[in-house]
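What TrEMBL says about this one:
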TRANSMEM  32-52  transmembrane segment
TRANSMEM  58-78  transmembrane segment
TRANSMEM  99-122  transmembrane segment
TRANSMEM  128-146  transmembrane segment
TRANSMEM  153-172  transmembrane segment
TRANSMEM  178-200  transmembrane segment
TRANSMEM  221-242  transmembrane segment
TRANSMEM  248-269  transmembrane segment
TRANSMEM  281-302  transmembrane segment
Amino acid sequence: MAKSAELTEHDQEAAHAPLNWRHFYEMTKPKVVMLLLLTALVGMCLATPGLVPADILVAGLMGIGLLASSAAVINHVVDHKIDSIMARTYNRPVAKGKVGVGQALWFALALGVTGFACLMLLVNTLTAWVTLASLVGYAGVYTMFLKRATPQNIVIGGLAGAAPPLLGWTAVTGDIHPHALLLVLIVFTWTPPHFWALAIHRKKEYARADIPMLPVTHGEAFTKTWVLGYTALLMLVGFLPYLTGMSYLIYLVGSTLLNAGFVWYAWQLKFSDKPGWAMKTFRFSIVHLMVLFVVLLIDHYIPITL
């Protein structure tokens, strides 16, 4: 009852604030969704030697994007209390009372239903259900439970965020191929060092919000060691597409340079006395993943062998 009263009070506050489409757009985390869609697009392209059919390309990206946006909005709702006390997120629409909890949930439902219907009717059932499972994994399992339960939250919950390349692949082929799982493995291995670098920078905020992120529970030195370890593991995982015959020389060279760069940033984060390496590592990780998947795409259409 107390929780219902709290939600009602929050919605009443939001009702007095003028609605702005930008608030709803912001809740979808467009920059994050665009990165996810890039990996999904590459998954689509790598699934076929030719061009992806235009109808599958448009409907697939639209459906995946809408469901990813729905998950992002649910994250805003579930985390609005946490967001309100963290400097990075205090101005988010639900946390700030610009959008009510009820309004946000209806928006998330509309996005999710539309995205699922798009995939189910215009793409294939496998992609629809796997994408929905990813939404549940991120918005339900990770956001509602793991984030507050264990410092390994991002490792376990990272699988949902790593799914888009697989979703893109299944949209084209209708089945799950081992090569698609290699793409998932790359993103899955990339996720912990990417997020832990940010968590180191925001350690005090997570501690104040009582969120058991690894730097809060085990300290910065321990977390930096794990960041370095995961980037080294990513270097090894990065060789797999070439070793399995999935990719060619352009990918091998490009991925090796990018992964070596990530290891270098992680090394500086671990051993340099200069401040600021956490955010430098975090920002590089975003560029790293974007460029890595672009390299995969170029390599697919320009296959160069030794």
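Quick reminder: no glycine exception, Cβ is built from N, Cα and C everywhere.
Automated prediction, rather than curation, is the source of TrEMBL annotations.
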Three or more CB pairs closer than 8 Å, sequence separation of 6 or more: does that hold for the transmembrane segment (32-52) against the transmembrane segment (153-172)? yes
Taking the transmembrane segment (178-200) as the reference, which of 128-146, 153-172, 221-242, 248-269 gives the largest number of Cβ pairs under 8 angstroms? 153-172
If you count Cβ pairs under 8 Å, which stretch among 58-78, 248-269, 281-302 touches the transmembrane segment (153-172) the most? 58-78
